[in-house]
Amino acid sequence: MKQTSTQSWITAIFLLAVLAAAPALEVDQDEIRVEPDAVEFINYTGAHTEVNTREEILSIGSSLGNVIRGVPADQSTRGGDARYRIIHAVDSSVTEGFDADILILGERAAVDHIDNLRRILSAYLQSAYGYTEADGNTLAVFVTVYNAVHRGDAAYFAERYKEVVTRELTAGRIGLALSYTDWPGKTQIVIPLSDPAFAGTLSTVDTSSLTEDAVIESIRTDESSPQDVRRDMTELKERESDEAQERADRAGEEARQARAEAEKLDEQAAAAEEEAAQAQAEAEEAAAAAEADPGNEEAQQAAEEAAARAEEKQEEAETLRQEQTAAEERAEEKEQEQQREQQMAEQKQQEAATERREIAADTQRELDEEAAGQQEAVSRANPVAGLRVVDTEELLSEILLISTADGSALKTSALNSVRNRTLLDTGEAYIAAAGQSGTVRLVLIDKNTLEVIQESEQTLAPETMLTAYNNDYYAAVSQDGGTYLGRFDRNLNLQARSSVRISPFTAITVTEQGIVVQDESSALRILRATDLVDVNR
């Protein structure tokens, strides 16, 4: 992108500011040098003391979007709170470089998973610019990867963005860190915006920047990234192209109409100018006659009337000429709009076509690799899961996938707080009690990724056993100031809770007569397996 001399000066100042903050940047040098294929976000995977609903998370983005919605596209604004802030940085007087929205995560920001951060971004784009949920979700993935790829790269942003954007950026905070621990107070997510002329369309956010080679390579090579998002972005660009083509066609038709109107007005103005010239000649002749015979009232009146007609004709001619000029200006404006929209349509169509070819090639390569992997898997046994104790005092464990062929560890879970050396297999996932004291919950764990995919709403006693019977799971639940036996289904929904208070240290023994537990007075009680009612009371 070509820079003006002013932009070059601004770039130099911005880079000097970054160099002045070198100590802060030195901490993140390894992160700044991240290669595109190394972008893999690190999320918090333990149990939470406070669980926000999906709606609560989305409302963060929506409220930020409300700050932007209704503000003229070429007018800067900002808003939010100490946790999440948005800056709408635009300058229509500068034609080189991008405007941008900047999402800032304050020190009190609680988001700790990339999925939730993307939900906030998606809701923001929906609220601020009218994107659909699907398109907002697609853009959110690319925005996060784009900012991770360019984390800390001040020169990149200085070269491509307007000064109205770069003056808001702070060394050491630009972009998005890979680990959630580095997000609060250290994050400035830059959302590139297209020309304000495209505000309110599918092209409001500049998708070309978001799909540059480094970003595509990161998504393509990162197994944790949703691969369908590339197809979703391609479809978005195709719709961008279609809409731009419709706008170009409409502008072209309006330009043709304005040209036709200008030609018609030109003819009318020319005729009016001839009439005005004739009226002026007649007025001059009448004025001469009146001057030659000052005592002739009839001649005086004729001169006045002729002068009035000449003035009227001149005004009519000038009005028509002004209307003709305005029509020509409208035509030129619409022709420029048509050209701009046509260029957008062709650019997006070309990008979409290129990306479709790349996706097809990647898909074929994946199919070939999968076939080769399946053939290799024939000679290998399926891995099994096991627990490795990492805290002998609290009896906390992490999960490992072990090769049955050679006993090697194939994968280790990020979750390292599985309680009491118990991991149950539901067939589709693993269930365990996990978390630090006070935040222990039942968790559902993906058998392939070993990531927590669901948590129970109820808190468990840290000392709880975990026992399976039929398709139910039994654990000691901490509620209402006491400990009770809880029966959960495989989706971690609490189906029943005993009225009997039990010891948090109780064994949970399954018998034909019911579930045997130790109550808080150390007496053994038999509870019906279904509703957990004491069978002897």
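Sequential numbering from 1, following the chain as shown.
Any Cβ shown, glycine's included, is placed from N, Cα and C.
Per TrEMBL, the features are as follows:
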type: SIGNAL; residues: 1-26; note: signal peptide
type: REGION; residues: 218-378; note: region 'Disordered'
type: COMPBIAS; residues: 219-267; note: compositional bias 'Basic and acidic residues'
type: COMPBIAS; residues: 277-305; note: compositional bias 'Low complexity'
type: COMPBIAS; residues: 306-340; note: compositional bias 'Basic and acidic residues'
type: COMPBIAS; residues: 341-352; note: compositional bias 'Low complexity'
type: COMPBIAS; residues: 353-366; note: compositional bias 'Basic and acidic residues'
Composition by DSSP (helix, strand, coil) of residues within the compositional bias 'Basic and acidic residues' (353-366): 14 helix, 0 strand, 0 coil
Close approaches to the compositional bias 'Low complexity' (341-352) from elsewhere in its chain (Cβ under 8 angstroms; 6 or more beyond its ends): 198, 203, 207-208, 211, 234-235, 237-238, 240-242, 244-245, 247-248, 251
Positions whose Cβ lies under 8 angstroms from the compositional bias 'Low complexity' (277-305), at least six residues beyond its ends: 312-314
